């Protein structure tokens with residue numbers, strides 16, 4: 001039977017469901033309705049039901065969702081109920097920040113190695129992970145059954161390193177380099193462009209400020225018009 005195609009928008013919302021359900025578990029909540037969950041998440045109940053129905057629904061009429069079961073099922077769907085071996089290419093500030101983030105391990109992502117071309121960084125240890133020279137890359141991937149690579153390197157070097165990763169058997173690239181990578185169809189790329197995220201944030205902030213300025217200008221105009229009528 002052919003698997004149903006799930007939209008990227010739905011997939012992008014699953015980690016947020018997972019996070020909120022985890023918080024509910026910590027609070028001791030055993031079940032929750034789509035309405036109550038929608039209030040917490042500030043989305044519509046129908047959106048929640050539609051999203052979860054893509055995977056079978058999980059809810060019962062008049063009962064709601066079993067929080068623990070739904071939490072574990074979303075973990076299974078996202079694949080974080082199993083271990084993923086990960087390496088980081090680029091051991092600068094961003095690479096080391098990723099390596100120092102302990103929450104990845106709780107989600108099944110085990111950082112097995114770090115690589116850099118800078119001889120001053122090679123040999124250093126970041127939270128128990130040794131930084132290696134890039135010449136060791138292919139053999140390390142093979143020996144440690146690495147599936148995912150995080151790229152935190154300049155965009156000029158990213159295409160070459162991506163080619164090496166693909167040839168070595170990497171199936172997913174977490175791309176922080178400011179370039180779009182060309183990879184085979186069976187290799188997944190998740191682009192994380194931090195500056196683009198800030199630009200989107202800037203747009204939203206400026207839009208709100210501009211809207212307030214327009215409203216204030218209109219208010220003053222109406223006040224001036226009202227004062228003229230009184231005279």
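Cβ atoms are placed via backbone N, Cα and C, with glycine included.
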(message) Which range is it, out of 16-55, 56-95, that shows up in TrEMBL as DNA-binding region?
(response) 16-55
(message) For the NAD(+) site (90, 91, 92, 93, 94, 95), what does the 8 A shell look like? I mean other same-chain residues with CB within 8 A of the CB centroid.
(response) 88, 96, 97, 98, 116, 152, 153
(request) Tell me whether residue 91 (NAD(+) binding site) sits in a helix, a strand or coil according to DSSP. (result) coil
(message) Using Cβ atoms only, which residues of the same chain lie under 8 Å from residue 94 (NAD(+) binding site) while being at least 6 residues apart in sequence?
(response) 152, 176
(request) Identify, in sequence order, the residues in the chain of residue 90 (NAD(+) binding site) that are 6 or more apart from it along the sequence and have a CB within less than 8 Å of its CB; answer 'none' if there are none. (result) 115, 116, 150, 151, 152, 153, 176
